[in-house]
Amino acid sequence: MQSTAFTLSPSLPLPTKTRRPSNPTFYPRSFDPVRASSSSNPRDLSLSPNVSFSSPHMPRRSWFLSPSSPFKIRPWTSAPAPDSDPRTSSFEVRAASVPESVEHSSIWKTLELGALFGLWYLFNIYFNIYNKQVLKVYPYPITVTAVQFAVGTVLVSLMWGLNLYKRPKISGSQLAAILPLALVHTLGNLFTNMSLGKVAVSFTHTIKAMEPFFSVVLSAMFLGEMPTAWVVASLMPIVGGVALASVTEASFNWAGFWSAMASNLSNQSRNVLSKKVMVNKEESLDNITLFSIITVMSFFLLSPVAILMDGVKFTPAYLQSAGLNVKQVYTRSLLAALCFHAYQQVSYMILQRVSPVTHSVGNCVKRVVVIVSSVLVFKTAVSPINTFGTGIALAGVFLYSRVKRIKPKKA
């Protein structure tokens with residue numbers, strides 16, 4: 001058997017005074033696997049807490065002998081000598097592995113993002129269900145939309161008043177720049193409610209799958225962003241699918257169709273305006289703050305119009321005279337308004353955590369979930385051709401979200 005020698009670790013200086021260990025079990029007699037040579041006197045070790053073993057067949061490695069047990073070996077740890085300068089020996093070597101706290105943080109962020117996507121879909125589903133139930137018995141979409149903005153304004157005021165979110169400092173120039181965005185935001189939600197009051201929820205959302213088409217057209221007209229061939233190709237199944245679903249839709253009427261189209265135009269105009277107008281004037285506002293300000297402005301824009309057009313047809317006396325269940329209408333209107341504001345807030349929270357492409361894919365999946373859930377809840381009659389057309393349109397939206405990130409090659 002070849003001898004193995006104890007050598008002192010070069011990382012620590014030797015103590016000036018040697019002594020025997022007070023604990024006789026420090027070097028147990030049963031320690032046979034590694035034999036010390038005649039040059040390795042225990043007295044020469046001087047109780048150095050950092051000792052390395054060297055052998056022709058063993059790699060050189062430092063070990064720390066724990067004083068808390070008769071014999072414990074802890075690798076990759078460096079303990080300073082009693083007389084050493086802490087400034088020259090205050091280093092330690094750690095194993096190259098991912099810290100447990102980092103792994104837990106990554107898992108938590110993944111679970112948090114999944115929960116946000118789930119809430120986004122859930123709030124959107126319930127908004128469409130409660131909103132449709134209200135609009136079926138109370139056909140005043142302007143008043144319904146104004147109530148939704150009113151509830152959102154109350155929530156924003158509470159959020160700012162209770163310091164749940166930082167209250168922004170808005171200048172007059174910023175308000176002037178935000179005003180066009182608030183106007184098209186108001187029109188977009190109003191037209192959506194008008195469509196939901198006229199046709200099935202599933203058909204409204206099928207038509208709203210045309211949003212990428214309007215986005216591409218408006219961006220080319222006002223921003224000079226010419227689409228790639230891939231983007232143009234992805235629009236073809238969207239347009240074809242919506243057309244096929246429209247001609248086979250049982251609840252089809254032109255008022256509901258054009259209202260949904262006007263909603264697409266308004267919402268995509270808001271996106272184009274935000275790129276064109278808000279680049280330099282609104283850099284300090286994040287998405288949630290901007291949405292909150294737009295909600296308040298939309299309430300003040302639409303409320304006078306609602307009173308002028310519909311009057312005060314939301315009082316308990318009027319609802320009772322119309323033969324409606326007052327408590328049920330109020331409850332469902334409140335729940336729809338809460339879900340309306342909540343799903344948009346959660347949508348912006350997700351957008352702050354993921355890329356726009358991921359958010360666009362999630363929005364496509366959300367539309368599928370809303371269509372399927374509304375068909376099940378309202379027992380909407382759909383034909384196989386109608387389902388096929390809706391599927392083609394949604395597949396085109398998914399394809400658009402994927403090819404949108406392909407950059408054109410520069411000449």
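From the backbone N, Cα and C atoms, a Cβ is placed for every residue, glycine too.
TrEMBL lists transmembrane segment at one of the ranges 174-192, 231-249, 250-268, namely 174-192. Of the listed segments 142-162, 205-225, TrEMBL assigns transmembrane segment to 142-162. Count of Cβ pairs under 8 Å against the transmembrane segment (142-162): among 113-130, 174-192, 288-308, 371-400, the largest is for 288-308.
Averaged across the domain 'Sugar phosphate transporter' (112-401), pLDDT in this predicted model comes to 90.
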